[in-house]
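*Asks:* Before I ask anything, let me first share the structure, which is written out below as structure tokens.
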Amino acid sequence: MARTKTAGVPEVGAEAPEFNLPSAQGGQLRLSMRTARGPVILVFYGEGDEEDVRYFGELAALEDEINMAGGTVVGIGVSEPDAAREFLRKSGLKSYVLYDYARSATRAYGLLEGRKSDEHARPAAFVIGGDHKIAHAWTGERPEAAELLRKVSEITGLPKPAEEPEADDAGEKRPAARAPKEAPEGAEKAEGEAAAPAAEAEKPKKMSAEERERIKAERRAARAEGKSLKQPNEPSGDGAAGEAPAAERKRLSPEEREKRRAERKAAREAGDGAKPEAGGGANGDAGEAGKEG
């Protein structure tokens, strides 16, 4: 019986033949719908023997990494639906296993061989880029699964290499946040010393017992004389009132003034006020006036 004529295997850079095949997982898969999302690792398996199961098992082990790199694994075999589902179970592949019982895709890729009663695909692998063109092709002997992963990563640049740690992650510490600036060590002391005189100035000056007794005696003498004793720092009051005692002192004789001083001194010492003789000043004035007359 004559062999089936097939087209040649597509070369690298050529447009990948389109297909739309049923999947062992259910539904249909069109190649262009997958390449629009990223590279596709297209693997044809032969008779579904142990060698094919082992190879697809290796792809299944790297399937998560292939997906992270932006790729998708698609397997195609010349088989019936039940045989395709059994092959999927044995291999452990989570991606797509398609069954080409009509031989259309296998023939388009130039991989159909065997007699008509026993046709199957020649083992082959292709990496088809996002532009739907053949990027890499292997027939007869398929490459290791790790090599297919590398080819996909070369196309997509995924996964991206880990970024180098920043300087501070490499051991260099970032400058710590500055603490609030503290006052110089002697500043508090100087401030306290400056505040002390002000506090002392606010306090009333403490007088000695002798000073208090003297002030009391002066006040008693002033009350006895009918005068108010002014403090040294108080204003003198009316100028005319301040001139009267001065005029009075001028009219007294030296003996009288001496007597007055002695009485005041005695009053301060004894604590009693000595009243000046009533009309003393007037008598003195009269005497002086008689002499002048």
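The backbone N, Cα and C atoms fix where each Cβ goes, and this holds for glycine too.
Taken from TrEMBL, the feature compositional bias 'Basic and acidic residues' applies to 170-192, 200-228, 246-275. Annotated compositional bias 'Low complexity' per TrEMBL: 234-245, in sequence order. The domain 'Thioredoxin' annotation in TrEMBL covers 10-157. For 156-293, the entry in TrEMBL reads region 'Disordered'.
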*Asks:* Is it possible to list how many residues within the domain 'Thioredoxin' (10-157) are helical, extended or coil according to DSSP?
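*Replies:* In the domain 'Thioredoxin' (10-157), the DSSP-based counts are 54 helix, 39 strand, 55 coil.
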*Asks:* Given the model, what does the mean pLDDT over the domain 'Thioredoxin' (10-157) come out as?
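*Replies:* So the average pLDDT across the domain 'Thioredoxin' (10-157) works out to 95.
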